[in-house]
Every structure is written in C-alpha cells, then in structure tokens.
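Novice: Got a structure for you, questions after.
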C-alpha cells in the first residue's frame, strides 16, 4: 500500500477524523470522572474536618483542658489539630498556622509551607482544613492531609493515560483497517474502470455478498456497463454494416461515372448518368432511413402522439396499395375491423404499415396474396401483415429486424435492408410488440405490450 | 415571380438562385437570417425559400416573426434535418412546405411554383375545379370531361383534385405522395405511377389526348 493516494483517501481521512473525535471524547470523559471523583472526596474530607473542628470548638468553650480536648478528637495519622485558648496560648499544636485561617481551605503543599510554621510532621503534601474562632475568643483549626485525594488523582491520571493511549491506538488501527478495506474496494472499482476505458468492455465491478452501498453501486455500474457494452456492440455493428453496405452502391456509382466519362455517344452517357443518379438516390434513401431509425430509437417522440383511427388508416392504405400490388401480379386482401383507435405518431405508424406491405409486395413471387388484418383482441387489438410467399427460414428469423439484413443475399431486388429495422423501431417507440407468426409465408403481428 | 432565397451555404444558394432565374423569376439571395427577415418584411415577395439553419436568426424565427407581423408570404423550408418532429415544427411555425436536402432542382422548382400560385386563403373554399375540359364538383363529388361523366374511386378523386388544384403547374411524385396520401417517405411499391395510370385510363377513355401529361424527369401536369 505504498500508495500516497491511500493517505489522501476520503476513507482514511474520515477514519482519522472519527479517531480524533473518539480520543477527544475519551479525554473529556476521563477529565469529568477525575473532576467529580476528586471533588467528592475533597467534600467528604472537608465535611469531616469541619465536624471535628466544631466539636473541638464546643469543648473549648466549656473547658480548655488539653487532656479533655485531646480525648474528644484524638491524635491520628494524617490529622492535624491546632487549638488556642482565649489568651492566645496553643493547647494542641500538631501544626502551627502563621495566622488564623477561617472557614474551609484546600491548600497545596506550597501553600501549606506558606501558611504554617514548619514542623516535623509536615511533609510535602497538601491539606484540607477548617478553621474557626470559638465564642469565648479561642481558635480551632483541624486539617487532614490530602494523600487520599492525591492517590486517587494519580490512579485516575494513570488510568486516563492508559485509556487515552489505548483509544488512540485502537481508533487509528480501526480507522486504518476500515479505510484500507474501503480503499481496496474503491481501488478494485478503479482498476475495472481503467480496464473498461482501455477497451475491455466485458470487465465487471466486483460485487460482494455484503450487499452494502458499495455493492449496490457496483451492481448499478455493472448494469450500466452491460448497457454500454450492448450499445457499443450495436454501434460497431452498424458502422461495419454501413461500411459494407455503402461500399457496394458507391462502387457501382463510381464505375458508371467512369464509363460515362469515356463514352462518346450522348444517349449512352445519359443512360449511365441517370443510372448513377438512381444509385446516389438509393444511398441517400439509406442514409435517410438510418437517421430516421436512429432518431426513433433516440426516443422523445411521445410529445407528438395523438389518438387516431387505425382502422381508417389501414383501410386507406389498402386502397392505396391495391392497384400497384395487382399490377405486380399479386393480390391484396384487407380484413379490417372498423373503429379501432390507437395513440401514437400518425406519420410513423403509416410508414411502419407501408413498409410491411411493401416488404410483402416486393420480396415475394407473383401470385402471392398479401393479407392485411386488424382485429380486436379483448380490450386490445392485433394487426397482421402476412403473405403466402416462401417465408423466412427459421434460422434467419431473429435477424430479419436487423439493419441491412436481407434474405436475398445477392441483393438483386430493390431495397435497403432497413425497412423492417424501421418497423421494429417504430413498434418499440409505441410500446407495441412485433412478432413473427407461424404460417406459410412471412406473417408479422403487432400488438400492444401487455 | 419575385423570390427570396435565404441559404447560408453559398453553393446551394447559387444553385437555387440561378436555377430559378433561368426559369424567369426575379431572385434575391442572402446568407444571413436577420437580413432575410428585414428583406422579407419590407419587400413584396411571392415566395420565400428559407434554410432552417441560418446565422443570426434561424428559419423558424424568421417565419414566426413574419407571421406575427401579418406577412403571409408563402414559405418553403429547406433543411438537412429530416426528423419526425422537424417537419411538424416547421409547419407549426407558419411554414407552408418543407424540402429535405439534398433535393433535385425540379422538385424545388415545382414546389416554389405551387406555393406562388396558391390562392391566398380564400375564405369561401372553391366548390368547383376546372381545367382542360375537366370539371370537378367538390360537393357532389362528380367529375366530367367535356360534359361526359366519369366515375372515380375515392383515392382517384383525391389525386385528380390535387392535380386540378395545381392545374398548369408540374406536380412531382413526392408532392403527390405527401399531398394525396400523406406519405413522407418513398415507398418501394410504385403507388403513384399505378394510381396515375388508372386515373388516366378512366379520364382518357374515348378521348384522343391524355388529360394528364407526364413531364419526363419532373412529374405530371394538367394543362390549364
């Protein structure tokens, strides 16, 4: 992981930030415990010395007998008493204040040296004391060493240091581990993305069984990649198709123009030029169809959709085609139920059905019957354009909607190979399903997707 | 006719302007949209030929502007866009016809002529059309030639109506496909030719001269 980007990664930064927060909170918490614990003990000691001081003061009021006083509050380790009678004479003096301290005090070792005359019992610890004037003019001061408090302080400090150290270490390790794990997974996504950019569209993001947000993201990206892969495949296919299918007519066009260039007979030149013009028209038609298909597949047609009478359109279409189909030695039979309305783009739906009829009328032998059917199916409808021609081999059936697919491999009949591709694009734009029905010739059925 | 050609591709503009001049029209040409708008708004043109994409002001904006100023000069859009919605957009903006590039000059010329002769929004639609001995009663839906009644199928009637509406002018195959059948594409089946031939055989039965003349490489015409 000698990777500088790891230390800059958001995961590592987040982990470190939360580590710092965690440690900070540990310190604050320990400080609180420290504060509460020490002040509680200080209060207890303070209360106990005050009680003793008051006891001594009462005893002093009655009698200034040393024995008696010493008996009431006996000498104890860590306990200091100072009792002075009304005449200013020290009766008990475990320690000697330089002046009369009043009320409760918490004094540090330094303050003790400042306020008290040095004595053998005074070591370098602080004291908690209470001083008061007795009613008969005497003075009482009782203090206790704060050794208990300082021991507790020390213990708490030690525990706090250990706990903080542990917290720092743990949060760093945990943060580092989480960051590393996240970083590695992101690295995984990165390297897949780099490979995809490098051209390997088959690569997919790793998805673990955890189903966490990164997995959801990966799964989503994988769906996107699959979509992209199929789109790129389609684009590559179309590009190849165009390159291949445009070369042929372009080659013919060039040949005809070259021939026209060397011919002297004006009639022959004219014939070649008009034939060349036909070629260029065919190519322009192909480009036009390609663009139109691309546009339909691009979507956004719905804003032009209107409700219209499909029955009337197909009846009219049948009358439009009937004479031309009859002249071509075929027959058109229309079987159209009236009053069926659809929601769609009129011009495109018209072109779709025209293409289907054209297809049945051009790519079939003479004597073929072309049937145009429109009927109700429950709440929906079904339209069918069928012919009694030779049909399509089952193995080629899935290809008939591909751009430039032509059943006639020699490509001698007229057509761009785009008619059915456009039909499919229009059907899909309307959310209609188009399928090949079984039967003698080619029969294509269109119906709304359930 | 006086025609304004607004096209920013110099070669196309020359091709269109020279072709129309050869047919005897007076042609002004410009490659700038705003200039075209000023010219069309101030001079009485018979037809405007406008490219959809023009610098400074596009064809749609020019037409919208003119129509809002009550300038109803017929306009033909030229465009490289053959989108499903492009045609609708052009007509909705107030254009009268639409031609996709690249186009044959004869196609453009026929459409410009048809637009120039178009009767200016006559309030009372005509109920009778007549030309070259043919008479069509649009209410009774009857047709006679030199007084002899002729029975036509509905589509044959529509076809003849379109030709009579444009009597004296060439009507191209594409114009018929769009005007009579509403086809904005070129079907593989020769439906125009077949319908013309059927209509002809009915009209010409018992007559020496064909009522519909074919103009080679251009289209059909009923002489007025």
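Positions of Cβ are set from backbone N, Cα and C atoms, glycine also.
Automatic, uncurated: that is what TrEMBL annotation is.
As annotated in TrEMBL:
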type     : residues  : note
DNA_BIND : B:126-224 : DNA-binding region
DOMAIN   : B:2-116   : domain 'Response regulatory'
DOMAIN   : B:126-224 : domain 'OmpR/PhoB-type'
MOD_RES  : B:51      : 4-aspartylphosphate
Novice: Quick one: average pLDDT across the domain 'Response regulatory' (B:2-116), no decimals.
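Specialist: It averages 89.
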Novice: Give the sequence-ordered list of residues that share a chain with residue B:51 (4-aspartylphosphate), lie 6 or more positions from it, and have CB atoms under 8 Å from its CB.
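Specialist: Same-chain residues close to residue B:51 (4-aspartylphosphate) (Cβ under 8 Å, separated by 6 or more) are B:6, B:7, B:8, B:9, B:12, B:59, B:77, B:78, B:79.
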Novice: By DSSP, how many residues in the domain 'Response regulatory' (B:2-116) are helix, how many strand, and how many coil?
Specialist: 55 helix, 24 strand, 36 coil
